[in-house]
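Structure, as structure tokens:
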Amino acid sequence: MSGQSALLPYRARMLRRNACLEVWPKRLGVCSACVNGMPCKDVKVDDFFLAANLDKPRDTTMSKVKSNVTLINAMKLPGLNTLGISMARIDYAPQGQNPPHTHPRATEILTVLEGSLFVGFVTSNTDNKFFSKMLNKGDVFVFPQGLIHFQFNPSYDKPAVAIAALSSQNPGAITIANAVFGSQPPIADDVLAKAFQVDKKVVDWLQAQFWENNHN
């Protein structure tokens, strides 16, 4: 038996164990195994389909940051589980932004469908180098996994739309301002005042704001 042939049974076992989307053998009873927090299941075609209406504009008027992120991940489309991919449509009103945030489990690749976007990311300590670019319709930009990044629509009168693909079925999102100033319970103001080198009154004011989520 060749080395490649010898690997086939092992690969098959790994697929059965990790894909968790094949039909679970009835003789084994109820499957209690979970992968990425989602249970094994008898799959149907609708586990791989979602009428997401991603061709339709999203409402950006209710967001303070004037953007709306429509994420398609394994929670919305179960067939994505274990496949290491998800996607999002992002709508930006004029002067709207997807504020500085990170994806702890994914690299993101973004393409502009309509309008223009100023985008950027910051590398990790100690360099904290800022990479930025103005993107126009059809342009593509990559945000490396875990790095703080953003998108901003500089137009005063035209909306923008982008589609992003992410290298995880559950990429996660940590919006920096929300996490730092909107945590529950709040981080002590003397900690944040020292970290940001500002007066405590500034921190108290920021913590008193309503930090909303622009992800849907």
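Cβ coordinates come from backbone N, Cα and C, glycine included.
TrEMBL: automatically predicted annotations, no manual curation.
As given in TrEMBL:
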type    : residues               : note
BINDING : N98, H103, E108        : oxalate binding site
BINDING : H101, H103, E108, H149 : Mn(2+) binding site
DOMAIN  : 60-204                 : domain 'Cupin type-1'
List the residues in the vicinity of the oxalate site, defined as same-chain residues other than N98, H103, E108 with C-beta within 8 angstroms of the site's C-beta centre.
A88, H101, T102, A106, L110, F143, H149, A164, L166, P171, A173
In angstrom units, rounded to an integer, how far apart are the Cα atoms of E108 (oxalate binding site) and H149 (Mn(2+) binding site)?
10
Between N98 (oxalate binding site) and H149 (Mn(2+) binding site), what is the CA-CA distance rounded to a whole number of Å?
9
Output field, Mn(2+) shell: CB within 8 Å of site CB centroid, site H101, H103, E108, H149 dropped:
T102, A106, F121, F143, L147, I148, P171, A173
Could you list the residues of the same chain, at least six apart in sequence, whose Cβ is under 8 A from the Cβ of H103 (oxalate binding site)?
F143, Q145, G146, L166, S168, P171, G172, A173, I174
Tell me the Cβ contacts of H101 (Mn(2+) binding site) under 8 Å, same chain only and six or more apart in sequence, or just say none.
I148, H149, F150, A173, I174, T175, I176
Cβ-Cβ neighbours of H149 (Mn(2+) binding site) (radius 10 Å):
22
Can you break down the domain 'Cupin type-1' (60-204) into helix, strand and coil residue counts using DSSP?
22 helix, 56 strand, 67 coil
